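Student: What follows is a structure written as structure tokens; I'll ask about it next.
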Amino acid sequence: MNLSSRTIAILIALLVAGVLTTYARIGPTLPFREAFLAAGVTVAACFLLVYLSFEALIFREINGIYAGLEHIKRKEFKKLSSKFLFRPEPVKRVRDEILLMAERRQQELDELVRLQALRREFLADVSHELKTPLFAAQGFVHTILDNEDGDIDAPTRRKFLTKAAASLDTLDALVQDLVTIAQLEKGVVRMRRQRFDLVALVREIFELLEQQAARRGTTLELFPPNLPAELPVVADRNRIRQVLVNLVDNAIKYGRDNGRVVVALIEGSRGVRIAVRDDGTGIAPEHQNRIFERFYRIDKSRSRESGGSGLGLAISKHIVEAHKSTIKVKSTVGEGTTLEFKLSKPKGAAGS
Ligand code: ADP
């Protein structure tokens, strides 16, 4: 049965008036006319009282909730009013609960929409990145295959094949980086923590990148000059090697010609801070957080030209975070860039 606030009010008013009038008629033996009048006044007064209470206390508050839902539908959270006439507690709690739930659902929806956009962007980036080396290799191979007249001599053929191979190597590196990042994001990669010497690792990386640095006239330096012979840390050596290769490689790539790349190892009481510094063009503040995004490049053409997959810093960030540390960037345009993170020292190792 559907009862409106008005029907309920009439029923209650009739009931109260009935009881009161019967009592007044029987008790002090009120004359019939006065009793009838008293009944009329009581019905009217009860009706008004009950009806207005219903309207004000419940129906108006519920209408308020509906109005709130309307605002939520239109995502106007700021317009939600928290005004209550009498603040009936259960109604207020219901209202607050509904609004909170709606706000949470809206946040979840917004996050899903954001992730969906990121996914779309990522797929577009991946296909673009894969296409470039793939088409290059395809072009060289087809040129050789289509050369039925034998116009292309052996050295040129070899040059084309070398270029095709280089493109395929780029493709291979990109696919490997994509697999790594997917695994890191899924959290399936376990860090194999072990004790190792950071000084030896940095020297090994300098040796690896020596020729690349020499081509740009860059000097690779360790800081401070009076480093201890050994600086032990506890981390996954291979993964940290991958991070440092990427940071030093970037410092050479984006540093200036004949510049300096310094790897500073600063020992603290519980850990070692590793900072890779270059004196290149620097990174403007608006790009500083974005360089850790997948495929984000400040100067698209230049970065791609120099052979980077655009995934190096995204992978490095994941690896550093898996070591419960954070990778930070400090940079001044025209002066240079420093990227740094911390690693833990083995328990019981002496600290400064
Ligand atoms: P890439 O393969 O393009 O080098 P990374 O993820 O390693 O990809 O770096 C992302 C972008 O961040 C680079 O394309 C470059 O624009 C910028 N970047 C990284 N390191 C430096 C640096 N030391 N100096 C200036 N810009 C840098």
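Every residue, even glycine, has its Cβ placed from backbone N, Cα and C.
All TrEMBL annotations are machine predictions without curation.
Below, the features straight out of TrEMBL:
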| type | residues | note |
| --- | --- | --- |
| DOMAIN | 125-347 | domain 'Histidine kinase' |
| TRANSMEM | 34-54 | transmembrane segment |
Student: Which residues of the chain, 6 or more past the ends of the transmembrane segment (34-54), have a CB below 8 A from one of its CBs?
Tutor: 5-6, 8-10, 12-14, 16-18, 20-21, 24-25
Student: Taking the domain 'Histidine kinase' (125-347) alone, what is its mean pLDDT?
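Tutor: Taking every residue of the domain 'Histidine kinase' (125-347) together, the mean pLDDT is 92.
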